[in-house]
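Below is one structure, written out as structure tokens, with a few remarks after it.
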Amino acid sequence: MFLLRGRGHWAAASLGRRLPLRRLRSDSAAPCTPHFDVVVIGGGHAGTEAAAAAARCGSRTLLLTHRVDTIGQMSCNPSFGGIGKGHLMREVDALDGLCSRICDQSGIHYKVLNRRKGPAVWGLRAQIDRKLYKQNMQKEILSTPLLTVQKGAVEDLVLAEPEPGYPGKSRVRGVVLADGSTIYAESVILTTGTFLRGMIIIGLEMHPAGRLGDQPSIGLAQTLEKLGFMVGRLKTGTPPRLGKESINFSILNKHTPDDPSIPFSFLSDSVWIKPEDQLPCYLTHTNPRVDAIVLENLHLNSHVQETTKGPRYCPSIESKVLRFPNRLHQVWLEPEGMDSDLIYPQGLSVTLPAELQEKMITCIRGLEKAKMVHPGYGVQYDYLDPRQISPSLETHLVQRLFFAGQINGTTGYEEAAAQGVIAGINASLRVSRKPPFVVSRTEGYIGVLIDDLTTLGTSEPYRMFTSRVEFRLSLRPDNADTRLTFRAHKEAGCVSSQRFERALWMKSSLEEGISVLKSIKFSSSKWKKLIPQIPISINRSLPVSALDVLKYEEVDMESLVGVLPEPLEKYTACRELARRLKIEASYESVLSYQLQEIKEVQQDEALQLPHELDYLTIRDVSLSQEVREKLHLSRPQTIGAASRIPGVTPAAIINLLRFVRSTRQSRQQ
């Protein structure tokens, strides 16, 4: 017997027996109480990754969603990736996540951003066919072993007494649906997106919705508040959609995809569509007439008047006009699909009344006769302070309850997917009582994302950038598999044999290729004769290796094969291998210094803080009340994480360090 909380009261109940369930269920199809290892609430980008990851780890998983037909829906922009975001996608893929593979099957315009800089900060990006992406994602989800999908709205959580030895006031044991039925679970993951008390806004009109056409989640938001979670409010928005045939593309700047197109997934040798068959994007700009319409009608825009914070790095046109007056702002015209008649004007997120949106659109070059098919709108929603979760994404207050995605204050499909895959892995590991799978700041962009959230929190929608990452040269998009796949295979069991073998082949091929390149040595004068374009000094006395020559911008693997076909030709048979050898050569000299810095940081991260430590009451360590409260809120797991919390002083860190060492010594005795 255990305590449960259902629909606002406490009662006693016993666990229902496990039953095999069909892959897809209706809301009322449960003849008796079902029981799963992991229940995931929400079928967006965090939810799909979480559910699939938990199932890959061997857990019987249920994905609950308001509507099965919206699983994998791209609610805002028709694109994935970008600067920083492309890194996250590569890391999700290295953990055997879904979104990268699905993008390689659904893209209509692939391009690498930031190419003027080094490959460590390149941003893989693609325009995606909305319809195709959703179809491919649903096909993947509905065919995943151990994963069941059910339509249903969750209104409450089933709670029990906490497990001894773990932080938390209670333990989640299941969910209560809107029809009053209960589903029991060992772990629960909330990936509710913008649905917690979601409100859509156009002009002065407001109505409850988590997304256009979908009802918000009210009961669950109230439950979380009653449990003591700190709840905040954020906002976001989306642009109007335009009719393709009504736009004059002939006078606009045309942008074509890359040739060849680089896929997102390490399992993909190429994307599904040839560069010549991909669709172009077009660029236009706002003008002073757009500014005038915005400024003259602020009184008709309640979304702008609200003090709720929106995304800093994806602002509405109203925010841009107010913050940067008298400037022209880019508007990218992006296709929504191969057979779609809609164009997404990226950069034109707006919440003015619909008639003013139409007036504003027709002021823009190329859009003078554009037809608005759907108006833009704003969304306001609840989020939970992410300092209330651990790096495994399990909450401090309720054991075995995990949060992932926009509920943690992030923005973007990629940030949501990254959290989803980590939450899914750890929810499954929690069921089997195994240690959590945590990615540190020194191991990946995912680690930086989660560490920022759990130690610093956020008061505005958080977006990933390369500038947030200390060890960018080591945490590149090209090496995410060698950084994460082997760990995930060993510690979490979430990686398929196909991916593991592919990563193993790539790792051994890189090591072999680098060794061969180092072994080929000639004088600088001979290299100059072989490859005249390299800017090498012929006065160098020491022999120069092929790896050193490959560092020059003018040289790639194909150049070397042209003069040394016998030992090197096999390394260009795989385009990705040849590209990675070039990148490894480019960064070889600086990586040794960064690896030493990483080791120093890892020493701090290795000093674990006891998870049962009560910062508010412990007297064995000297801490101010302010520091105690900050540590109690964030509950850092290591000395390194504690040092990154704003307001935690160096003196407090020293005292914590002494406490940890003395505790460790006493336990050893």
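FYI, residue positions are counted from 1 along the chain as it appears here.
Cβ coordinates come from backbone N, Cα and C, glycine included.
Note that the structure is a prediction, hence the values are computed from the model and not measured.
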Additional site residue, S217, S340, S349, S467 [criterion: listed by Swiss-Prot with G42, G43, G44, H45, A46, G47, V154, Q406 for FAD]:
S217
Please identify, among the binding-site residues G42, G44, A46, V154, Q406, the one with the smallest Cα-Cα distance to K507 (N6-methyllysine).
A46
Using a Cβ cut-off under 8 Å and a sequence separation of 6 or more, which residues in the same chain sit near V154 (FAD binding site)?
I41, L64, V175, V176, L177, A178, S217, G219, L220
With DSSP assignments reduced to helix, strand and coil, which class does G42 (FAD binding site) get?
coil
Under 8 Å by Cβ from Q406 (FAD binding site), same chain, sequence gap 6 or more:
A46, T192, G193, T194, L234, Y381, Y383, A416, P461
Might you list, by sequence position, any residue in that chain lying six or more from G44 (FAD binding site) with a Cβ less than 8 Å away from its Cβ?
G72, Q73, S75, T191, G193, G405, A416
